[in-house]
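Peer 1: First the structure, then my questions, so here it is.
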Amino acid sequence: MSSGYKPGKKRKVQPVQPIKKELVDFYGCQIPKEYEPYLQRTNVSLIIKKGFINGMKNDAEMFCNDDLFELLMNELLNEQPGASFSSCVRQTANVATLPGVIKSLAMPDAHSGYGFSIGGVAAMRLDDPNAVICPGGVGFDINCGVRLLRTNLDDKDIEPHLVELADALQKNIPSGVGTTSNQTLTEKEMNEIMNEGLEWLVKKDLAWKEDLVYCEENGRIINSDPHLVSQKARGRGRNQLGTLGSGNHYLEIQRVDEIMDMEAAKQMGISHIGQICIMIHCGSRGLGHQVCQDFVDLCVNQSNKNEVDIQLTGVPFQSDNGQKYFKAMNAAANYAFANRGMISYHVRCTFEQVFKKSPKDLDMHLVYDVCHNIAKEEIHLIDGNEIKCIVHRKGATRAFAPLNPVIPDAYKPIGQPAIIGGSMGTCSYMLVGTQEGMKKTFGSTCHGAGRKISRVKAMKDISSNSVVEEMKKKGIELRITDPKLAAEEADGAYKDVKEVVETCQSAGISKIVFKLKPLIVVKG
């Protein structure tokens, strides 16, 4: 670019003179003329052609409908040198320059993040010894994920207890920035949790054995090494097990609002409109954040920094440091599985307290638990050959096709469930993976609505009081630790989740099964 800066490189913001560029119309949007030869619009995506960024190994692809496409183009048009993050389009192209990359992708909910966009997917082929693993391609909240529990309650059963249940959930499940639980784990317990994940809770009778079956990786990633997790990271996680955190993390009590695929829904134990479910969205808390920070520092301080974007600096997967990060990341991921499991324990106990029935009698079974910030070793069919890859999913959900051997037997006929949370006060969705998704996205789909504006802009433009009042008008019981921050998570700060999941379905990468509507929202 004419300014001479390196796109995406994090640096101190300096005053810059606006750069005047010749603009052209591109499918109803204005873009700099220099980009036009490298962009191609399809009915479900934007193709970023090799050459948009110097060093791209191949084309990149961003899934979008017309409205989401317009957001991407406006962001690209208005990106400024000196910003902390590049535009989502540029970030997706930047990832296509990484060593060993097969393809860089962005899901419809994608928005700018550290290194990879949030919503980014990339697979690196492991028959290339230089193939990298990139902390910026996983994110700071390692194994941020979401789980759904079902019940045999209906909305009419829960309506008289909404206030009582909302108050009890807020009391029993700590939430908010830096929140701690009433339990401080010993060093031995920390090691066990980071090694065993959800299995540790099962041994302690804090989770059901069947929960393991309905959790991605059975709630435990085997190739982990807790001893690679720093004391600083351990200190941050020691008293946070069973806590929700802040930001877009939440616990929601939801009703089934619409069923699009009854056969698939029944396989998940969802039988009718009005059925009550519980959705939990959180990750590895401060422990995972510190693990990421430790290895970002290690990568950035090495001599071979990424020349396109320093935030994409990684290490060869097969190197000593690559394996250290991978195993420490997996240890943090196991902590996250246990964290969601511990919150589920408190949810089950709270329902028992309010409804005077045991969780078993209330049919509080786990439907599924998915990761959406993780890097995994997987085998994918590339140009007719089975290739072992390291697949980065950052703000993206694994959604494997029917009959895949790693998904539970009950779901083999329908494909892996993918749980998609909406913005605060809007609907959420259950999707399943498809064969087309295996071909197009390495078996990946979206993870949520995706931010439309930053938290800072949301706080400036949206009134938190109006958000709280709007939730009341919708009949939603909101429990938020700091109501002043409600604007950060306002519906207007996010894309339309309906458009996101429908775009995924139109692209053939996942299929919508049912929709959920919130009745209670608990946030930090």
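Each Cβ is built from the backbone N, Cα and C atoms, and glycine gets one as well.
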Peer 1: Can you match one of His346, His365, His372 to the Mn(2+) 2 site that Swiss-Prot gives for Cys144, His281?
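Peer 2: Record check against Swiss-Prot: Mn(2+) 2 site with Cys144, His281, extra candidate from His346, His365, His372 is His372.
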Peer 1: Hey, Swiss-Prot has Mn(2+) 1 bound by Asp141, Cys144. Any idea which of His227, His249, His272, His380 it lists too?
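Peer 2: Same Mn(2+) 1 site in Swiss-Prot: His249.
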Peer 1: I'd like the Cβ neighbour count for Asn373 (GMP binding site), meaning other Cβ atoms within 10 Å of its Cβ, all protein chains included.
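Peer 2: By my count, 28.
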Peer 1: Pop the Cα-Cα gap between Leu251 (GMP binding site) and His372 (Mn(2+) 2 binding site) into the table, whole Å please.
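Peer 2: Rounded to the nearest whole number, the Cα-Cα distance is 17 Å.
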Peer 1: Return the single residue from the binding-site residues list (Cys144, Leu251) that has the minimum number of other CB atoms within 10 Å.
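Peer 2: Each of the binding-site residues Cys144, Leu251 was scored; lowest Cβ tally within 10 Å is Leu251.
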Peer 1: Please list residues from the chain of His249 (Mn(2+) 1 binding site) whose Cβ is under 8 angstroms from its Cβ, counting only those at least six apart in sequence.
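Peer 2: Long-range Cβ contacts: Cys144, Ser175, His281, Cys282, Gly283, Lys523, Gly524.
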Peer 1: Taking the mean position of the Cβ atoms of Cys144, His281, His372 as the Mn(2+) 2 site, which residues outside that list, in the same chain, have a Cβ no more than 8 Å away, listed in sequence order?
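Peer 2: For the Mn(2+) 2 site the neighbour list reads Asp141, Asn143, Gly145, Val146, His249, Cys282, Gly283, Val370, Cys371, Asn373, Gly395, Gly421, His447, Gly448.
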Peer 1: If one measures from the C-alpha of Asn248 (GMP binding site) to the C-alpha of His447 (active site, GMP-histidine intermediate), what distance in angstrom results, rounded to a whole number?
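Peer 2: If we compare the Cα positions of Asn248 (GMP binding site) and His447 (active site, GMP-histidine intermediate), the gap is 12 Å.
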Peer 1: By a simple count, how many Cβ atoms lie within 10 Å of the Cβ of His281 (Mn(2+) 2 binding site), its own Cβ left out?
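Peer 2: A count of 26.
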Peer 1: In whole Å, how far is Gly450 (GMP binding site) from Asp141 (Mn(2+) 1 binding site) when you measure between their Cα atoms?
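Peer 2: About 16 Å separates the two Cα atoms.
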